[in-house]
Amino acid sequence: MAFQKAVKGTILVGGGALATVLGLSPFAHYRRKQVSLAYVEAAGYLTEPVNREPPSREAQLMTLKNTPEFDILVIGGGATGCGCALDAVTRGLKTALVERDDFSSGTSSRSTKLIHGGVRYLQKAIMNLDVEQYRMVKEALHERANLLEIAPHLSAPLPIMLPLYKWWQLPYYWVGIKMYDLVAGSQCLKSSYVLSKSRALEHFPMLQKDKLVGAIVYYDGQHNDARMNLAIALTAARYGAATANYMEVVSLLKKTDPETGKERVSGARCKDVLTGQEFDVRAKCVINASGPFTDSVRKMDDKNVVPICQPSAGVHIVMPGYYSPENMGLLDPATSDGRVIFFLPWEKMTIAGTTDTPTDVTHHPIPSEEDINFILNEVRNYLSSDVEVRRGDVLAAWSGIRPLVTDPKSADTQSISRNHVVDISDSGLITIAGGKWTTYRSMAEDTVDAAVKFHNLNAGPSRTVGLFLQGGKDWSPTLYIRLVQDYGLESEVAQHLAKTYGDKAFEVAKMASVTGKRWPVVGVRLVSEFPYIEAEVKYGIKEYACTAVDMISRRTRLAFLNVQAAEEALPRIVELMGRELNWSELRKQEELETATRFLYYEMGYKSRTEQLTDSTEISLLPSDIDRYKKRFHKFDEDEKGFITIVDVQRVLESINVQMDENTLHEILCEVDLNKNGQVELHEFLQLMSAVQKGRVSGSRLAILMKTAEENLDRRVPIPVDRSCGGL
């Protein structure tokens, strides 16, 4: 076995060397292409944005209605679709984009939040001497560097630790990671390095210590995916593209080409989802960039077309920030079933994922309990046994549909393409499918190149390399200090605004409400534990937010960070949006219900509430569960599913017990796993299970609730020393 591993390592080293040598010949064309692109960017003329601010949605709809014919109409408002619109409009093409939901409402907002070259692809490229895989990695690393440059406020390098538990893995993975640095060349973010066992545990104290021999740390990029997607859309709008969300394509328009006599796609019949109004948008070329819905649009063109999309669901979960170091991620390269799991800090929380399961295409993917538990089990395997990973620690969960594709022009139509595919139908519909977030720009460039060539459009080369996205041009790491000094914002809020809006953060700050406090002067928070402020709701409407779901999931990221916090903020968000958009009381109620449904099904709330008595982590007899539920509901009169300080105070007052708020707060915090000021039923059941199993000696809250229950039945006062005595 050891010999086998040694051979593997030798192959990796030899393959790496061979790939490096081969890079001088088969990859020379690719390198020349990159050099050529860089030269075009240096010498070409980049037009300034035609709009200082993105036009309103109403103005964009008027442009869509009144323009006789666009050069390009893009269907789909994800990263690739918005990238196509930006690429086309900056070439001087008259461009339109329509999206049936919100920008980034699908897969593009449900990623792992990484901007990466693909370490796994490089491993396959070297082991199999696969030129295509190498090209993919090389291209992705080039795009990674560009994305970090054009949106510095939304992205940053992130060190990722690869813990190793066998000695042979150290040289094996070290060579592979060093090859990753080598392929990146001058665009390498930072050089990878090896950590000893003790140093690895210093960085990641919760790591499984047994048999740990050391770790390797390498660098990739991380970003705020939905905000990045939105920045691309807003930049395209500022450059003159007519972009509109909530515009559904009902059918494709066609006309006969007078030269060939063939039918050509000439636009689309579009429906405003918010008003129901329909109208035609005509274009010389239509680009299908609809992600998982690729085949739905292709069937509008040709109902007999062979499907190319093979959808796969990837589930992620969010856990409290203390599960990972603040500035370092972790990679499990070989899970129990051969998948790869990332464990990453993001927005002061921890993201864990992903899974890879065949699925059906749907507008509302739901994370399954099976996938959530798979991720939790993998997390448990990598963390010390001292750390109890609980189902209740999952603050949010989501499923994104990866649009994996087969190449219709390939001889083997069943094999999934590892790269993106640009397909042109007989009627001229351009379809871009596959690929990954990191390479959205090069995918867009290839797509518009194909459109220009096939439809004989008058356009120059792509100009998007180095083109700053909305908010990036005048951003600096110290910009937040000016926000604190000039507007009187909290430092945490100012840092959040600078990271989210870049140089546009000042516009948000100007909208901030006065708090009425000595400090901060302005910036009323939507929820106390997150730095989102009310002014962001007003500004979000300028960024084309049309619904409460848009606001909690893509303008802010509350839904992706903590579903309960998002639910808590919803009434105020709906009130603020209703004021700005003149919503009726009925519309406000509908928005509240729709957003609550979104949190319940799509963001993991349903899975969470259904697992309150999951036997895998609560080992109580059914009779005990019933008894403890009854005790819990003595405090939770409204059947909310959780109790707060107010609930405890109410019960104590009813039995004539006085206790100061600070003591009560301390008692609840002992059990409050999510640190959200609430103790949920499953948290209480976990506590009682732990008490029975002897994992904890007792709990002040457990004693308090037991004593209160007894006295509520007997209606006699509880002695103060019993209610809050130490254990």
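The first residue you see is number 1, and the count goes up from there.
Quick reminder: no glycine exception, Cβ is built from N, Cα and C everywhere.
The FAD binding site annotation in Swiss-Prot covers 71-99. Under the DSSP three-state reduction, Gly83 (FAD binding site) is assigned to helix.
Annotation comment: Swiss-Prot describes Tyr601 as phosphotyrosine. Neighbours of Tyr601 (phosphotyrosine), defined as other CB atoms within 10 A of its CB across all chains, total 15. Secondary structure at Tyr601 (phosphotyrosine), taken from DSSP and collapsed to helix, strand or coil, is helix.
Residues annotated as domain 'EF-hand 1' in Swiss-Prot, with sequence analysis given as evidence: 623-658. Note on the domain 'EF-hand 1' (623-658): its mean pLDDT in the predicted model is 77.
Under the heading domain 'EF-hand 2', Swiss-Prot lists 659-694.
Just so you know, the Cβ of Gln678 (Ca(2+) binding site) picks up 19 other Cβ atoms within 10 Å once every protein chain is counted. According to its DSSP assignment, Gln678 (Ca(2+) binding site) is coil. If you look up Swiss-Prot, you'll see Asp672, Asn674, Asn676, Gln678, Glu683 marked as Ca(2+) binding site.
Annotation note: Glu99 (FAD binding site) sits in a strand segment as assigned by DSSP. Asp87 (FAD binding site) and Tyr601 (phosphotyrosine) are 36 Å apart (CA-CA, integer value). In this structure, the C-alpha atom of Glu99 (FAD binding site) lies 38 angstrom from that of Gln678 (Ca(2+) binding site). Annotation note: Arg91 (FAD binding site) sits in a coil segment as assigned by DSSP.
Counting Cβ atoms from all protein chains shown, Gly83 (FAD binding site) has 27 others lying within 10 Å of its own Cβ.
The local packing around Thr95 (FAD binding site), expressed as other Cβ atoms within 10 Å of its Cβ over all shown chains, amounts to 27. According to DSSP, the domain 'EF-hand 1' (623-658) comprises 23 helix, 2 strand, 11 coil. The Cβ of Asp87 (FAD binding site) has Arg441, Ala444, Glu445, Thr447, Val448, Ser462, Arg463, Thr464 as same-chain neighbours under 8 Å, each 6 or more residues away in sequence. Each residue contributes its Cα atom, and for Ile75 (FAD binding site) and Gln678 (Ca(2+) binding site) these two points are 43 Å apart.
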